[in-house]
């Protein structure tokens, strides 16, 4: 099998497009509806939480200037410098995201010790787990904060906020099965309207108080901490809400490319957000009574209802982007061996990567609705929001450090100062958010702990199971010698034996041969492996070895953004001379019955968890799209 390329050079066509070409412009337009939904709707609650939240600061002119200075420099240093300038350079063949970053640090290359790579893999797993917590909170807080605009219009609408939010969220999750390809085409134009609108609203107030622009001076931020000390640090946990969703610039890079995302961020999203934030600051300088909801305070009263509608649509787009991101993350986790098999439905024939996972969708729906019903106000959820994002950003910085030192070969003299700069901001925000643990932050940490424990247990359990199976395998040369010596009867057709490892003879074949004493004319040993690249071209997917006597070994390589498909594999194999008749082909699968009494080093409760996850995992037949009427399952009892 060909060795996979670990270089940091992208094979993605979008990345190399010129910054100001028509293609880049169109991709930048499309990215507005996917990448910026979360960070683009942060003005709905970010400034409000600083002056009217659980950990609010006194509303006075020095504090307004200090908070706006922190907002400006947070967005500049974390989003513009860290992500746009540096992290987005670490693409894996055009793809971004925390698993793509992990794949750039291959453990089998000699660049990093196995023990250290295990620590790095744990960090990536923890980062991914935190994103699941984010995926639960984002739809709830975004839609709830938008619908709360009705309270500004009339106090009579207050009892309707929670029911309307639940209706919107319920509809959002129920339409996921239909895919987002069609409605996704209008997301970009809607977000253009959103950004232009919030920019205009903010600019209108800045004209009244242009002195608010002086807040770009970092001196105001230092004076803010000097004056407020501990309370100022706590408020930093609310300021960080202005950069939540910033990690999507990197995570969604594979869909649009580096230059289109940079263009859309610097050309529209970033300026529009700054204008709105500074406009809210100008409003509070003029009328402190709007501290309870400064975003809607910018809106003329006659336009409140249309603005609530636009805000709700924008938050639905933000929620959709997060839900799609969780689906994609789950697909990657399954392929990389961190998650049990689940039913993955591809919702678009034209666009790779648009997937729907029913189990994940309904778990998210139940969790989101539960949060809305329990907390009832977006301010209550704000405490749970920032801790996941800041922890994930810190873990991204650490993984990026390993990429630039182990893969790109940067010297420590260059890499360490950059890491220190990134972690200074990341850990400052994370530390400030620790004060929110009892105000809702525990929700995110609990979700992350459950997901991370499950992922690591599944990874370790599958490794222990693979070792157990391999230890009982017969070398292929001994098996083939036995077949040649006994010359068993051969029946017409093809038998395909799925194999965990591309070495030795699968236990399912040994059992079949032992009990039936017969073989098919053509026997294929099929192994599916995951690579450290997002996708594998069809021409490189298969590695075929003729073992003789009608036996063939096929090793199919799939990227971590792809879902293996047996019919596709057999079609590609036929193009290389391995011809099979679907009506005369049988698929033999080993079905393990797992016990916890084995000698593996896993703790007993983790063994029990792994056995439970295995029993509830999706079947290979459904996951690999194997024709169910051609499947033969052979039972095998294994103690781990």
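A Cβ is built for glycine as well, from the same backbone N, Cα and C atoms used for every other residue.
The annotation transmembrane segment is assigned in Swiss-Prot to 19-39 (among others) on the grounds of sequence analysis.
Among the features that Swiss-Prot reports, transmembrane segment is placed at 67-87 (among others). Note on the transmembrane segment (67-87): residues 39, 46-47, 50-51, 57, 212, 215-221, 224, 235-236, 239-240, 242-243, 246-247, 249-250, 261-262, 265-266, 270, 273-274, 277-278, 281, 393, 396-397, 400, 418, 421-422, 425-426, 429 of its chain, located 6 or more positions outside it, place their CB under 8 angstroms from a CB of the stretch.
Sequence-distant contacts of the transmembrane segment (118-138) (same chain, six or more residues past either end, CB-CB distance under 8 Å): 38, 98-99, 101-102, 105, 107, 112, 244-245, 247, 318-319, 322-323, 325-326, 329, 333, 338, 364, 367-368, 371, 381, 384-385, 388-389, 391-392, 395-396, 398-399, 402, 443-445, 447-449, 451-452, 455-456, 459. Residues or ranges marked as transmembrane segment by Swiss-Prot: 118-138 (among others).
Under the heading transmembrane segment, Swiss-Prot lists 155-175 (among others), citing sequence analysis as support. Among residues of the same chain six or more beyond the transmembrane segment (155-175), those with a C-beta under 8 A of the stretch's C-beta atoms are 139-140, 143-144, 147-148, 312, 316, 319-320, 323, 361-362, 364-365, 368-369, 372-373, 376.
Among the features that Swiss-Prot reports, transmembrane segment is placed at 181-201 (among others), with the record citing sequence analysis.
Feature annotation from Swiss-Prot assigns transmembrane segment to 230-250 (among others).
The transmembrane segment feature in Swiss-Prot is assigned to 265-285 (among others); the stated evidence is sequence analysis. Beyond the ends of the transmembrane segment (265-285), by six or more residues, the same chain brings 28, 32, 35-36, 39-40, 42-43, 46-47, 51, 59, 61, 64-65, 67-68, 71-72, 75, 79-80, 84, 192, 195-196, 198-199, 201-206, 208-209, 212-213, 215, 242, 249, 291, 294-295, 297-298 to within a C-beta distance below 8 angstroms of the stretch.
What Swiss-Prot records for 307-327 (among others) is transmembrane segment, and it gives sequence analysis as the kind of evidence.
Annotation source Swiss-Prot lists transmembrane segment at 355-375 (among others). If you look at the transmembrane segment (355-375), the same-chain residues 6 or more away from its ends with a CB under 8 A from one of its CBs are 135-137, 139-140, 144, 162, 165-166, 169-170, 173-174, 176-177, 179, 323, 326-328, 330-331, 342-347, 381, 384, 440, 443, 447, 563.
For the transmembrane segment (384-404), the residues of the chain that approach it from at least six positions outside its boundaries are 8, 78, 82, 86-87, 90, 98, 101-102, 104-105, 112, 120, 123-124, 126-127, 130-131, 133-134, 137-138, 141, 237-238, 240-241, 243-247, 250, 371, 410, 414-415, 418-419, 422-423, 426-427, 429-430, 432-434, 436-437, 439-445, 448, judged by C-beta separation under 8 angstroms. The transmembrane segment annotation in Swiss-Prot covers 384-404 (among others).
The transmembrane segment annotation in Swiss-Prot covers 415-435 (among others), and the record cites sequence analysis as its basis. Outside the transmembrane segment (415-435), and at least 6 residues removed from its termini, the chain residues within Cβ reach (under 8 Å) are 55, 74, 77-78, 82, 86, 233-237, 239-240, 243, 386-387, 390-391, 393-394, 397-398, 400-401, 404-405, 441.
Residues or ranges marked as transmembrane segment by Swiss-Prot on the basis of sequence analysis: 437-457 (among others).
Beyond its flanks by at least six residues, the transmembrane segment (307-327) meets 33-35, 37-38, 40-41, 44, 131-132, 134-135, 138-139, 142-143, 145-147, 149-150, 153, 168-169, 172-173, 176, 180, 187, 190-191, 193-194, 197, 245, 248, 251-252, 296, 299, 354-357, 360-361, 364 of its own chain at Cβ-Cβ distances under 8 Å.
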